[in-house]
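Asker: For reference, the structure I am asking about is given below.
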Amino acid sequence: MDVLYTIFIDPFVQMAEAPDFLLQVVWEGFVAGILYALIALGFVLIYKASGVFNFAQGIMVVFAGLSLVGLHEMGVPALLALIMAIGVMAILAICIEKFVMRPLVGQPDIILLMATIGMTYFLIGLGEFIFGGEPKQMITEELGLPTGSTAFEMDNGGLVILQHIDIAAAVIALIMVGGLAVFFNRTRIGRALRAVADDHTAALSVGISLNQIWAIVWFAAGIVALATGIMWGARSDVSFALEIVALKALPVLILGGFTSIPGAVIGGLIIGIGEKIGEIYWGGLVGGGIESWLAYMIALIFLLFRPQGLFGEKIIERI
Amino acid sequence: MFYRETGQFKTSYTADQQIFPIRQDRIGVAIILAVALLVVPFVANEFVLSAIVIPFLVLALATIGLNILTGYAGQLSLGTGGFMGVGAYACYKLVTIFPDVNVIIHILLSGFFAAAVGVVFGLPSLRIKGLYLAVTTLAAQFFLEWCFIRIPWLYNYNPSAAIEVPGKTLFGVLITGPAASGVARYFVVLAIVIGMTLLMKNLIRGRIGRQWMMIRDMDIAAELMGVRPLIAKLSAFAVSSYICGVAGAMFVFFYLGASEPAVFSITLSFQILFMAIIGGLGSLVGSFFGAAFIWILPILLRVWLPAMGFDIGAEAIFQMAQIIIGALIIFFLIVEPHGLARLWAIGKEKLRVWPFPYA
């Protein structure tokens, strides 16, 4: 009975006893979730337009962050460095489209997946070669991002501390999701993107340039990566360890569906909050550190009941 | 012109169904085996044996294991590193608990633990397909990695959280541990790899292997034709994990000598997936090509680049090697998505009809 109590009752008692702490945990999870959602957003953009499962999104985040910080270290003013980092992502997008995606059109999923992992190797090597392998400090203040924190007092006297940078991250993520939604639904290029996502051949036949669209999509994913890199870098630092964290976007996508932008956000929040709560309240029972696999297990359990993901369309199989 | 089966008549089913029906293939394999047995151990120095040849053979075996699952049965797996780790830790525990039994038996037994774990994590494959399955194998990878760190019993409560291989002998010769000679380890590794490869070749040619390929090509159609997906998929997971487990145990016992949980990380899983894909999915000889490409090439690059006059420091050489490997992976995927094994097959085909372009 003791075991059942510690697993099923005690964590909830702890939550009820310290609501301020619970709120803090949920907030931490919320912020982590937003960052997962941002990475997942990059995945979704590329998956929607080209059906490529982009494992390199994680390293693109690192690479974008590194270019920004690295350029600043070389003496470029912060804002100019930001613009140049955007330029770097644009060049990267064009190169990826020209040298990787275009020759591999029509190959099976796993080959494209492998090509993006090959890109990961390449970018890790290149990033370390140019900027060095040590973790770097993000130039938060120079970019005009808020630092510091605000503490809210609860009714029972507890404190909930919100970092300003986290609030900024949430706002920027919201703006980006909104902006992407407008871009996809209201602009000419956005409509072309959706047409390509729907059917490559049909899109080609009405005069949409696939190459151009893909370069744009990779560029958009690069911008998302840059934003993610700045936010994540401000919370910890810019290092290659982020690349593994970016794999967390996979369970997020499983929950949210591979093609849905709102799904990516909701999935990110579920995973972020779920794994923080799990780690704090249940992790201690098995020795802690369960954050590294809890997200995958959550996704696995969801998948067992809904093999197409939470928001995915029903899979119909024919012979 | 040398490679041609003209005039080689088969008069019995046994002769027709042998592994290498063409005489030139048999001669080629015999030469490779002769080189591996008689030339390599006497020509190669300790460094080449320990740092290149032995890990190459072990990783080729792991690649064969992954190829069974991904190449033959069509189930994408990113958890190879984890399954190899299970084999390594199982072997370590077996050696601690039964120190008197021969270490070879331990290594062969440790695969069964990996197979059991593989079957458990293979269960979702009955409902989940494709990239979605990759996530469940990632769950296996991260969960197992966590186990290797958090369960001190697995590494005998060693304060450094590492496993250290004790010296074990076979026929009175030391074959494991830091004191064992490269040649002794090489012969043991070679024997196990050849044995396992033969076993797998026959498994794939047989009933169960053909079922795996049916499942891979279209699982619903296979089911309608009487293949039971439960048996076929789980047996693929079991066999694949068994091979990976044995390879993992060999990786630690014959190559590393001591190991920490980080060895069996997601990086190793990706590396082996690359070997399988660059070599060619669904090809045993491709597994060896892929392992050679991914394992040996970076080492050669690290040796060659300074030799060619790129004197830019050890760290930069390492990064250059990584850039080149990444670029080469993409290059090979573009040139031949079916892997080096397909290039090899095309080459043989050209030789058969030479000097004509078509047969």
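Cβ atoms here come from the backbone N, Cα and C positions, even for glycine.
So TrEMBL lists the following for this protein:
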- B:27-44: transmembrane segment (TRANSMEM)
- B:50-69: transmembrane segment (TRANSMEM)
- B:76-95: transmembrane segment (TRANSMEM)
- B:101-123: transmembrane segment (TRANSMEM)
- B:130-151: transmembrane segment (TRANSMEM)
- B:183-204: transmembrane segment (TRANSMEM)
- B:234-256: transmembrane segment (TRANSMEM)
- B:288-305: transmembrane segment (TRANSMEM)
- B:317-335: transmembrane segment (TRANSMEM)
Asker: Give the one range among B:50-69, B:76-95, B:130-151, B:234-256, B:288-305 whose Cβ atoms make the most pairs under 8 Å with those of the transmembrane segment (B:101-123).
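Answerer: Selected stretch: B:234-256, with the most Cβ pairs under 8 Å.
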Asker: If I count Cβ-Cβ pairs under 8 A between the transmembrane segment (B:317-335) and each of B:27-44, B:76-95, B:130-151, B:234-256, B:288-305, which range comes out on top?
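Answerer: Most contacts with the transmembrane segment (B:317-335): B:288-305.
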Asker: Under 8 Å between C-beta atoms and at least six residues away from its ends: which parts of the chain pack against the transmembrane segment (B:183-204)?
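Answerer: Non-local partners: 19, 33, 36-37, 40-41, 49-50, 53-54, 57-58, 60-61, 64, 68, 72, 104, 107, 170, 173-176, 212, 239, 243, 246, 250, 254-255, 284.
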Asker: Are there residues at least 6 beyond the ends of the transmembrane segment (B:234-256) whose Cβ is under 8 Å from a Cβ of it, and what are they?
Answerer: 50, 54-55, 58-59, 61-62, 64-66, 68-69, 72-73, 75, 77, 80, 83-88, 90-92, 103, 106-108, 110-119, 121-123, 125-126, 163, 165, 168, 175-176, 185, 188-189, 192, 196, 200, 203, 208, 212, 215, 263-264
